[in-house]
Amino acid sequence: MDPMESSSEQDIVEESQKLVDSLDKLRVSAASSSSNFKKKPIIIIVVGMAGSGKTSFLHRLVCHTFDSKSHGYVVNLDPAVMSLPFGANIDIRDTVKYKEVMKQYNLGPNGGILTSLNLFATKFDEVVSVIEKRADQLDYVLVDTPGQIEIFTWSASGAIITEAFASTFPTVVTYVVDTPRSSSPITFMSNMLYACSILYKTRLPLVLAFNKTDVADHKFALEWMEDFEVFQAAIQSDNSYTATLANSLSLSLYEFYRNIRSVGVSAISGAGMDGFFKAIEASAEEYMETYKADLDMRKADKERLEEERKKHEMEKLRKDMESSQGGTVVLNTGLKDRDATEKMMLEEDDEDFQVEDEEDSDDAIDEDDEDDETKHYYL
């Protein structure tokens, strides 16, 4: 094996172990932060497909918070971005060098982004601590994520970061939709399915931001969400399998549409920003009423399961002690078994040696007898 490949594999294993340790650390801190939960600032995690205008939309949010005299705090989690149109208070690029990660681990672009995010997640408890110290002075924390949406939404590091935020502050996920491209019913349904998967994976309030309304009005999307018959009429002319599937899904997603907030925005003109922040405030209240209670219940369940596991282990140890009648409980008998085996092998060797000695002595006696017989014959 190439030494460089072996070193790279070892680095990846160490990175994975750090990620697991970080997750355990964040879970412990989350369990102890229930009483220290802060109602402000509101964390806004912005996600979206590549090309949906996510970074431009975040830039507009930064400008709006400045114009409205609100206090915002910006966190950039995209290690591959060359330049940002806004200043980031916390930038992953200051901690992790994306191109160096690609060289060191022999990775491609997507693997480099994922590994950079993993490395940053191992220290994310420090990021939360920094925001906690400034919590009383902030209204919003705006979080920009990598352009490859699946790297954040479906990775362990993305789950760590989301859970760390949600366990300490009111957290809302914003899914940015490319409105002109979603004018196709099939593309619209694909976007809605992805938004639905994010909602159920994060278990956090979700706000749909239909971006680029300066190019295409988003009213058609709202109509499709409010009345499935309008959507079915739009897709009626298409007889393909995907159209039939989308037609069926429009009924299944009706309940999903009722439980999310949707707004039309324009990152270029700034239209819809007031409505967006109203939706964020309403989602933060929903978080405190519904999602926070669910989060506390899940924490309690984890703690209960952990206590049950500890009790089970203690009970098992107690039974082992009783069965040994106060003697030492041998947890690993490998050495004992090995010593017994070695002793048995030595005894077998001694027996073989004795047998060989007896055979040699018998041979010697036989030779003496033959000599005597020979002498007697010649005499």
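Heads up, the Cβ atoms here are built off N, Cα and C, so glycines get one too.
From a predicted model like this one, the values you see are computed outputs, not experimental measurements.
Same-site candidate for GTP binding, as annotated by Swiss-Prot with G51, S52, G53, K54, T55, S56, N211, K212, T213, D214, chosen from A156, A159, A267: A267. Cβ crowding, taken as the number of other Cβ atoms within 10 Å, peaks at G53 among the binding-site residues G51, G53. In the compositional bias 'Basic and acidic residues' (303-322), the DSSP tally of helix, strand and coil residues is 20 helix, 0 strand, 0 coil. Burial estimate for the recorded positions (T55, N110, N211, T213): highest at N211, by number of other CB atoms within 10 Å. Mean pLDDT of the predicted structure over the coiled coil (288-322): 85.
Largest Cα-Cα distance over the residues recorded as binding GTP, namely G51, S52, G53, K54, T55, S56, N211, K212, T213, D214, A267, equals 17 Å.
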